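Here the structure comes first, spelled out in structure tokens, and everything after it is commentary.
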């Protein structure tokens, strides 16, 4: 992931993406009021209405997220011919969403959730809906519409399933087959206990509850438990990747081949998780459709979720918000490496923390800096406003790696790390572990890479929390050294 490439994605790729969303379309209506007395007619509160709002929900909220990312969005699904359908059309027009895929059923209720809130508390929810599967003719209309869009060019498809009847087994399978034949990514936000209709999808994105519903048992919100649950599902189903949204623990992607990507949550304060799953689906699929890697797409989706959960109610992500987050994360702050004492670094950290800024710490040898290192450090930096790296000294590396290491001297390693825009400062330590250094620095977050468990990480007592980030497979200093040695043996160097 390079800054120039991400800038290109946000400014040039996103606005040109064309993505179709098919699924259960809803309208979310909110009535806000104030409760100060009980009705004389019955023992119920009287809600004096202040104002009302309506927003897109369900599959339409996924479409709204994509539209606010400036993608060209086409929406397909089932609606009625009622007042709420008229409201839905108005909301789609306001959001610049192409609703040409809407199938209208006479005498059918457009799915609408009306929430009545009094003094900030939800008092009751009124559901207007009829859960009936698509008729054969309605399915045919939707498929014909989809094939027309594919003929003119689509970059991706999202299936948003709320079990209201649109995504029948037949339609789901045919849409996935069409996406596969067109060689475009397709993502499914699932529901229910039988996911066989999602076979062939590139990504299936359950939350922890939905994962448990499919397995018929609860799943602990722990990394290893999620990976094991995914392995169980792959014995039954044949989608390519399972992407599990894990609330405050971020997102984990498990590939059918066993490869795992983890990305910790970024939100500092959570107000409302309504629609966060829709945001993750939209942002992730847009990034994948824009040819970004799974790891980078995951970072973008997680960052988007971190923004929307700080808002109240169903709130779509906006491109300018992600851009601002990216720019804040990548300030022009590079300066030549300066050797600081532990105490000097600790004071710098205190100054940042007094401003309410989060300080992230990680450590390592970083001998021969490579792509895997950079991706890991970039992910760590996204967890806060400042990243400090503890660097093992030459003597420390020799004790840990052997007499032939390090290949690059500590001062040179520090200069290379300091040149990365995601790193604020580098501090060298002589010990085998950073335990003593952490006792002095006291950062907010300690990041470790690999298969550690948080309660096993050395130095955890000196921080507020520990985050584990998986390493990029196929990259290591040992591997580079071996490759060079092999080339020397063959006389090619």
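A Cβ is built for glycine as well, from the same backbone N, Cα and C atoms used for every other residue.
In TrEMBL, annotation is done automatically, which means it is predicted and not curated.
Marked as active site by TrEMBL: 278. The number of other CB atoms found within 10 A of the CB of residue 278 (active site), across every protein chain shown, is 30. In the three-state DSSP classification, residue 278 (active site) falls within a helix.
Residues or ranges marked as ATP binding site by TrEMBL: 207, 208, 209, 210. Residue 210 (ATP binding site) has a Cβ environment of 21 other Cβ atoms inside 10 Å.
Residues annotated as domain 'Carbohydrate kinase PfkB' in TrEMBL: 18-315.
The annotation domain 'Cytidyltransferase-like' is assigned in TrEMBL to 361-467. Across the domain 'Cytidyltransferase-like' (361-467), the prediction's mean pLDDT works out to 91.
Per TrEMBL, region 'Ribokinase' is recorded for 1-335.
What TrEMBL records for 361-493 is region 'Cytidylyltransferase'.
For the pair residue 207 (ATP binding site) and residue 278 (active site), the Cα-Cα distance reads 11 Å.
Rounded to a whole number, the distance between the Cα atoms of residue 278 (active site) and residue 210 (ATP binding site) is 14 Å. Taking the Cβ of residue 209 (ATP binding site) as reference, no residue of its chain lies under 8 Å away while being at least six apart in sequence.
Note on the domain 'Cytidyltransferase-like' (361-467): DSSP counts are 41 helix, 24 strand, 42 coil. Reduced to three states, the DSSP call for residue 207 (ATP binding site) is strand. The Cβ of residue 207 (ATP binding site) has 20 neighbouring Cβ atoms from other residues within 10 Å, across all protein chains displayed. Cβ-based neighbour count (10 Å, all protein chains) for residue 208 (ATP binding site) stands at 19.
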